[in-house]
Ligand SMILES: C[S@@+](CC[C@H](N)C(=O)[O-])C[C@H]1O[C@@H](n2cnc3c(N)ncnc32)[C@H](O)[C@@H]1O
């Protein structure tokens, strides 16, 4: 079969990704990447595929709110609900797609996946919505609930954030969370400079600019940097700007012994290894398939000073010697509320109980890490989440239980300094238009 024959309509491909995300088969970014890589839609349609998939996932609750009066509690299959969501997303939020094209595609997909009866129902719902218009979000009286539905965040999470950070900050955050993120890359300082990479990518037709916040970061405004040969040749790594700040805070002296306890896929391990050419980085991860990602990244970036192990960080003391590392990083498993822009499924899969469970794992990892740091060494704690229980409160408790540590002012790039508060860095996604992220640096007394 020729490649052309294998191609499917862009909306059909988007629907598959949305259905798989809902059934928790995988993360949206991985599924979307797979659909593009396996050439399911033509190159020119990849932008639309991304927009339809992310848009529908990002706005799920608002779309359900618009659909509810037309479904009148009718029981429908998950794929039909998702087809309706996909169609309503285009009707309400995209103005370049003619409604007749949306209806036609929806009916064709419904016929192909179901039968004529379902196609008729889908057509009926969409045409009624077109005729009668959608319900206003202003009809929701409670302002926190309105904010939650209009930006499709769980109500409990919006209420929790309002309590922790106030209404205005929460509003800014949830509004940014539904905007498309752009890609950023971190140059490999061992093989190149930021200027050289910018020049080469521009020659290849990418639209890029230097990050105003992180010295080794480049923002990719047009194009997918994973498709450039420079990526395969190890000139850079795809990584969010917020994540890059960790290696700055680690303040590594070349020749140090570094332990990264939760290291896969190796974003921070490789960054720290680049800053520690004559030293060593030991990288642990709980999962075998993830350790492989660390090794692949180290090889691609031509870094020889990384040694990885499959290991539960909480058991690291059974293998590694006490007080033998200059730097220990706990880039902990977390609720991931800072990366909802790139992984919208996080909004629908996490429950409040996850926060308590994760916070206690983080605390266990910190406790083990504290024993592995040398006197005068630094213990670094980071998460890609926005939640006080997982972040600030873990650090405050740690300091109470470990008087041998002091909380140190984190050494962040100068443009990030305004965001440091009480010697901890909690970045919100709206701060530098990047992932929400938390970092604390704990110095073991000499
Ligand atoms: C936030 S991610 C790390 C991202 C990584 N530091 C980077 O910059 O690319 C957390 C990682 O911790 C791993 N993990 C979860 N629990 C762990 C544990 N008890 N010990 C070691 N690794 C763990 C997960 O498999 C996941 O890869």
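Here the Cβ of each residue, glycine as well, is placed from N, Cα and C on the backbone.
What you see is a predicted model, and the numbers here were worked out from it, not measured in a lab.
Within 251, 278, 326, 331, the residue that TrEMBL lists together with 262, 263, 264, 265, 266, 267, 268, 285, 312 for binding S-adenosyl-L-methionine is 331. You'll find the Cα of residue 268 (S-adenosyl-L-methionine binding site) roughly 12 Å from the Cα of residue 384 (active site, nucleophile).
Packing around residue 268 (S-adenosyl-L-methionine binding site) is summarised by its Cβ count: 25 other Cβ atoms lie within 10 angstroms of its Cβ, all protein chains included. Across the fold, the C-alpha of residue 266 (S-adenosyl-L-methionine binding site) and the C-alpha of residue 384 (active site, nucleophile) stand 15 Å from each other. Sequence-distant contacts of residue 262 (S-adenosyl-L-methionine binding site), defined by Cβ-Cβ distance under 8 angstroms and a gap of at least six in the same chain, are 284, 285, 286, 313, 329, 330, 331, 332, 333, 365.
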